[in-house]
């Protein structure tokens with residue numbers, strides 16, 4: 001059980017996504033709230049943190065819920081703001 005938990009924790013901490021863009025080994029960059037490092041083979045490997053969404057204008061009926069990708073949002077009392085879950089949605 002401890003081994004399974006340790007493996008899950010390690011997996012969550014070290015989940016990497018390789019971008020299609022080529023790079024120079026050793027380079028680093030930020031992508032939203034994630035950090036990317038260029039691997040020795042010249043491809044980007046980035047963490048996959050669930051970044052807070054960028055603020056944007058919304059128009060919704062106060063108190064209602066709606067989906068934003070895989071996240072659920074609740075419309076604020078002003079009808080112009082919403083609070084959403086921060087799941088890391090799988091890319092399609």
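Here the Cβ of each residue, glycine as well, is placed from N, Cα and C on the backbone.
Some features that Swiss-Prot has for this protein:
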- 23-38: disulfide bond (DISULFID)
- 33-51: disulfide bond (DISULFID)
- 36-46: disulfide bond (DISULFID)
- 60-75: disulfide bond (DISULFID)
- 70-89: disulfide bond (DISULFID)
- 73-84: disulfide bond (DISULFID)
- 20-54: domain 'Pacifastin 1' (DOMAIN)
- 57-92: domain 'Pacifastin 2' (DOMAIN)
- 1-19: signal peptide (SIGNAL)
DSSP three-state assignment for residue 89 (disulfide bond): coil
Closest of 23, 38, 70 to residue 51 (disulfide bond), Cα positions, disulfide-bonded residues only: 70
Helix, strand or coil at residue 60 (disulfide bond) [DSSP, three-state]: coil
Surrounding CB atoms that lie within 10 Å of the CB of residue 23 (disulfide bond), all protein chains: 18
Which listed residue (36, 51, 70, 73) has most other Cβ within 10 Å, given these are disulfide-bonded residues: 36
Inter-residue Cα distance where the pair is residue 89 (disulfide bond) and residue 33 (disulfide bond), in Å: 15
Cα-Cα distance linking residue 84 (disulfide bond) and residue 75 (disulfide bond), given in Å to the nearest integer: 9
Close in space, distant in sequence - residue 38 (disulfide bond), Cβ under 8 Å, 6 or more apart: 23, 24, 25, 26, 27, 28, 44, 45
Residue with minimal Cβ packing [other Cβ atoms within 10 Å] among the disulfide-bonded residues 33, 46, 60, 84: 33
Around the Cβ of residue 89 (disulfide bond), the count of other Cβ atoms that are within 10 Å: 12
